[in-house]
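As given in TrEMBL:
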type     : residues  : note
DOMAIN   : 162-228   : domain 'HMA'
DOMAIN   : 245-310   : domain 'HMA'
TRANSMEM : 428-448   : transmembrane segment
TRANSMEM : 473-493   : transmembrane segment
TRANSMEM : 514-541   : transmembrane segment
TRANSMEM : 561-581   : transmembrane segment
TRANSMEM : 725-748   : transmembrane segment
TRANSMEM : 768-796   : transmembrane segment
TRANSMEM : 1136-1157 : transmembrane segment
TRANSMEM : 1163-1185 : transmembrane segment
Amino acid sequence: MASAVSSANGIRNVDVSIIDHAIRIQHEVDISRRFTDELVKAAFEVQHISTCDASGRQLHTRDVPHEPTKPTSYHLWPVFMSRAQRKHIENCNACQSERQKYSIKHRTWSALTQARRRGQASVDVSALERGESQLHTPVGNRSSLALTNGTSSLEKDEAKVYIATISIEGMTCASCSGTITAELEQMDIVQHVGVNLLSNSATVTFSGPSSNADNIVEAIEDVGYEATIDDVQAAVSPNDSNHFYKASLSIEGMTCGSCVGTITRGLQDLPDVQEVNVDLVGDGATVGFKNWSTVDSILTKIGDLGYGATVVDFEELYAKEQGRASHERSVQFQISGMYCPNCPINIASAIHGAFGDDVLISEHPSLKNPRITLAYRPNPPTLTIRRLLSVINAVDAAWSATVYHPPSVEERSRTLQRKERDRILRHLFLTFLVAIPSFIIGVVYMSLVSEENGTRRWFEEPIWSGTTMRMEWSLFIMTTPAMFYGASIFHARALKEIWSLWRPKSKVSFLRRLYRFGSMNLLISAGTSVAYFASLAVLIMEATASQPIDTHHDMDNRRKSMTYFDTVTFLTFFILIGRFLEAYSKAKTGDAVAMLSGLRPTEALLLDDSFDENGPEYKPATRKVPVSVLEVGDNVVILHGASPPTDGILEQDGTFVFDESSLTGESKPVKKIRGDTIFTGSVNVSDPVKITVTELGGKSMLDQIVAVVRDGQAKRAPIERVADLLTGYFVPAITMLAIVTWIVWLALGTSGRLPADWLDADQGGWAFWSVEFAIAVFVVACPCGIGLAAPTALFVGGGLAAKSGILVQGGGEAFQEASQLDAIVFDKTGTLTEGQMMVTDVQFLDEKKAVLLQHLVFALTKAMEESSTHPIARAVADYCSQHGADRPEVVIKSAEIKEMPGQGMTGRFVLQDPSSPTDTAYEAAIGNGRLLSTLSPSVTEHSQVSATNLYLSQILARLQSTGFSTAIFCWRKLPLDALSDTSCAAASPFVPITVFGISDPIRQEAQTVLQALRDSGVDVHMCTGDNQTTAQAIASQLSIPVSNVRAGIMPQGKASYIRELQSLGQSSRRRIIAFVGDGTNDTPALSAADVSIALSSGSDVAVTTASFILLNSSLQTIPELVKLAKRVFLRVKLNFAWAAVYNICLIPVAAGVFFPISQWRLSPVWASAAMAGSSVSVVLSSLALKLPELEWMKVKGLFARNEHVG
C-alpha cells in the first residue's frame, strides 16, 4: 500500500497501520488529491482526508465524495415525500415559489386541454400567467452570497510539506506493508513513508499541494489495497516565523568589555538573530533567533571572531502571534433537512446577518455535502458555538444542525476492521455452503462409504460425455463459485500486485521485479488457481475421452476421481477461517487507544449563571449539554463519580479528591484545591465541584496521552526490519521452491525412479500427480505469522504500559532497547529526591553582623533568585520572602541580574540608603563554589572560600555531608562610578556572607526501586550538578557505589557521562544506557541516552521527547517498565522463533520429503489449516501478554508446602 503512494512527489514519510485502517503521510505541500487518486487506482476506498501540521493541529478536512447522484425534485410529488421534506417545503419560500410555479403551469396545461375537449375557442391564459407572476417572489438578493469555498493559502503553497494519515484496508502481513512502502517511496513527491501493519494505517510525508494525497491514495490502490485519507496536515517548517529559539552558549577567550562588544556586533549582523546578551563574567552568551539552523551560523561567526563557543542549552519558544491565534476556533456543523439549492444560501445569509464579519465561512454546505465549517473567535455570551447552532436551527424548522466531529483514526480503524470481517464472513458463508456437500460427496462417499454402496456407485457413473463421473461434475459446479467468489479477495489483490509491478509506468527495475514481489495473497491465489485449473484440465481431458468406462466393469478397475476441486473448496474455507480469526484477534491487540478515548465523557453539566447573583432568589441552574458545544471559560459541574468533560481549573473552595488512576496508573486518589488543574479521564470521588473549562479541541492531557500512545504504536522496532527482509524475498523464494518441487517429482516420475503404483491418476500422469506437492508448498508457506510477530506484541505491550501510566513514545525501538539495559543513570534532584526543596538552615559567617545584614542579604538574594527557574533558586527565594526580604528599609533603585548556567546568579544593585544622602552600589552573587572561583582571580586568595577560612569549610562540610545542597551568598561594595566598568578593577574582592542549607528529602521508594533494578541485572548510577560531598551523602543512603556517582557537572556533562558509560562495554557490543530525569536541564542527557525516561506531568506530555514518559510520581513504575520491556521483547522473539520454525518445518513436509517413507503427505487442505494456525497462534501468543504473569517461584513454593503437608 505504501508503495502505491510513495512515488508521488513531495512525500517524506508514509506510515500505514493495519489495525487502524489508516495511512499517515508527511509531505511538503498540499497534494492530498493526488494521494486519493493513487489509492483509488490501487483499489482502496478513500473516505476522508484530514490535513494537520507537524504539531497535530488540524488545518482542514474533507470527505472524499462518492459518485454524484442525480438530484431529486422533491416538490413535484408530495405523496412520495418524507415528513421532514414536507416540513421543509412548508417553511421554505423558495421551494414554495418553485412549486407554485409548477402548479400554475400544470393548471394552464390542464385548462387548455379541457378547453380543447369542450371546443372552447380561447382561454384566458394571461390571467393564469399573471397569477403565477404574482405568486413567484424572489427570496432576497442571493447574488451577493456566492457560494465559493474558502481556499486556504496553505493549499496553494506547493512549497510546503504535508503529513497525511491514511487508513488502509487489505494488509495482512509485513509483505503488504513493505509493498506499500516501496510503491510510495518511488513517488517523487513522497519524502517519508511509515506503514503500520496492525493499525491498518500509514503516515506519509510529501510535498504540496495537499491534493497530492489523492495521488498517494491512487498509488496504494494500484498495488491492490483500499485506502481512505483520514487526515492531511501541513508540516511545521523549522523556519516557520512563528517559532523563536534561544541558545545558551559557553564562550572561551573573552578577557574584557571589548571582547563583549566584538561578539555582540558580530552576532547582530546575522540575519535571523534578534537578541544577543553576552556575559563576560560568566564566559557565556544568550542568543535569540528565528531559524533553528542559525545556531550553526552563530558558532561559525564566533569562531571567525577568534573565540571558542559551545552550546550549553537550546530552547524553542513561540512568538506572541501564535498565542493570539490559538484563541480562534474552527467548528464544523452537520445540517440535516436541506432539500433544495436555496438552503445553503439561506444558511449563509442567516449567519452573516447575525454575526457579520465575526464569523468566517471557510467551507459552505451543499446538498451533497451538508456540512458547514465556521471560523470565529469565541466571545461569550454573544458568540459561542451554542449561539451559532441556535441561529442555524432558527432559520428553518426542518433543519437540525449538530456539531460534526470527523471520526478519529481509531474509529475509522474499527469501521474498516468491521467491514473487513463482514466481507470475510460473506465469502466464508458461501464457501461453507459449498464445503458441506463437497465434504459429503468428495470425502464421505469416496473414502468412508463402502464401494458397494448404491449412492457411491451412482456418483461414480460417467454422465454427459467422456469418462467424467457425476461426482466430478458436481464438485466442479460447486467449486466454481468458491473459486471465483470465495477466493476472489486473494485473486483481486494478487492481480493488482502483479499489475502494479509490471504496469508501463512502474519505476521498479526489471531485475527487482524478478526477485522481490508479491504477498500472501499471491501465494494463496497461486495455490487455489493451480489446483482449480489443473483439475479443470483433467476434467476436460476426461470429458473428451473416446472410450467411456464401463460402469459394470470389475470393481478392481473402477476409476477414482483425481481432480482437486474439493481441495480448492476446503483450502479456501480454512484460509478464510484463519483470516477471520486473525482479523478478530488483531482488533483486540490495538484497543489501548480506544480504551483511553473511552474515558472522555460525551455530555457535561453546564452551569448557567444567567440569573442575577444579587437577586433574592439567585440559584445557578445546570443543564446537560454535549461536550462538543462547550467553550473555554464555561463553568461545568462534576458530580460524584463523574469524569470532567474537559480539562479545567477548580473554581471552588475546599478540598476535593479525584481518582487519576486511569491516566497515570497512580492508585492513590489525588487531592485538589482551588486553582488546581482537573483532567478529563479522572473521576471525582468526593462532593460535586465546579470547574472552569480551559482546554478544548484535542489539547487536554487525555488527548495528548492518546496522541503519544498512537504515535508510539506506529514506531517500529529494529527487529521488525528482519521480518521485512524475510517477507520481502519470501514469496519469490516460495514460488521458486514450489516450481522446483513440481519439477523434481515430475522428473522422478517420468524417469521411472518412482514406483508405478504411486501414480493413482488416470488422466494427467505424473505432471498432475506432482501438482499436489506444489500446491501444498504454496499454501503452507504464507509469511503472515512472521509479519505479525513483532507488531502484535508491541501493540499489546504499549496498551499494558499505558494502563500503568507509562507512555511508550519511542515505540518498538524503545521496547527493544529497554529490554537490553546494562545501566540506568538517575538525576538526583527531583528524581531520586522529592524535588520539594526547602531552606532549613541559614548560617551567617559573622554572627555579630547577622542582625544588621539579614534584611539586606535576603532582599538581594530574593532579587537574584527570583530570576531563575532552578528548584534551589525557588526554594531560596521563597525563604527570603518569608523572612523579611520585602522590608521597606531596603530600597533597590536599580538591578542588573545575570544567570550563569550550572553555577548560580550574579547581580549589580544600587540601593537607597535612608541614613545617607548618597546611594550605595553592590555587586552580589549566590551559587555554588564554582561560581565564586570564576568571579575573579582574587577570590581564592582573599576570600573565605580558601582553605584558610576554616569556619566556612566546616559549615559546608557539615551541611553537605548530611545531604544538604548549599548556596553561598557573597558580595562586594562598588563605587557608583564603577558600575559601567565590567572589569571593576577598583572594586574589592567578593566576601562570603551567608550559607543557605537546602534540604531535599529522598523519595521513600527510591531504595526499594534501586535494589529491584540491581536484582534484575541493571547497574545503577547517579549524576548531579550538586557538589561532590552532597552527592556522595545521598548515594550512601541509597547504596550507590562512589564509583557510580558523578557530581558537580553541567547539563552537557551529564550527556558526556552517558556517552562514557556507553563506551565501557567489555565486548564488541556497545552498552545500552538509560537516563531518568525530571526534565529540568536534562535535555542533553535524555538525547544522549539509548533509553530516555522522563518523569512528567500533564502539561509536559506533548513537550518531552523521551522514549518513555512516566505519568505518575512514583519511581516504582521504572522496575515495572524494565520488566514489561523484557516480557514484550521476549514475546517478540518467541513469536519470531515460532513462526519461522513453523514455516521452515512444514515446507519440507508439504514438499513431500517424507512421502517415500510411508507415502504420507501434507495435502493442500491440511496445509491451508496449518497456514491459518500459524498467524492465529502468533496473534494469540501476543494477546497472552495481557494475562497475569505466572511467578514460577511462588508456584514452586506452593507445591513444596503441599508436599510438606502431605
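Each residue's number is its place along the chain shown, starting with 1.
Just so it is clear, glycine is given a Cβ too, placed from its N, Cα and C backbone atoms.
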Between the stretches 428-448, 514-541, 725-748, 1163-1185, which one has more Cβ pairs under 8 Å with the transmembrane segment (768-796) than any other?
1163-1185
Which residue counts does DSSP yield for the domain 'HMA' (162-228) in the helix, strand and coil classes, in that order?
22 helix, 29 strand, 16 coil
Which residues of the chain, 6 or more past the ends of the transmembrane segment (561-581), have a CB below 8 A from one of its CBs?
172, 421, 424-425, 427-428, 431-432, 434-435, 438-439, 441-443, 446, 469, 471-472, 475-476, 478-479, 482-483, 486-487, 490, 524, 527-528, 531-532, 534-535, 538-539, 760-764, 768-769, 771-772, 775, 779, 1163-1165, 1167-1169, 1171-1173, 1175-1176
Report, as numbers and ranges, which residues of the same chain sit near the transmembrane segment (725-748): CB under 8 Å and 6 or more residues beyond its ends.
173-175, 178, 514-520, 522-523, 526, 754, 766-767, 769-771, 773-775, 777-778, 781, 783, 786-787, 1140, 1147, 1151-1152
For the transmembrane segment (1163-1185), I need the partner stretch with the highest count of C-beta pairs below 8 angstroms, choosing only from 428-448, 514-541, 1136-1157.
1136-1157
Find the average pLDDT over the domain 'HMA' (162-228) in the predicted model and report it.
80
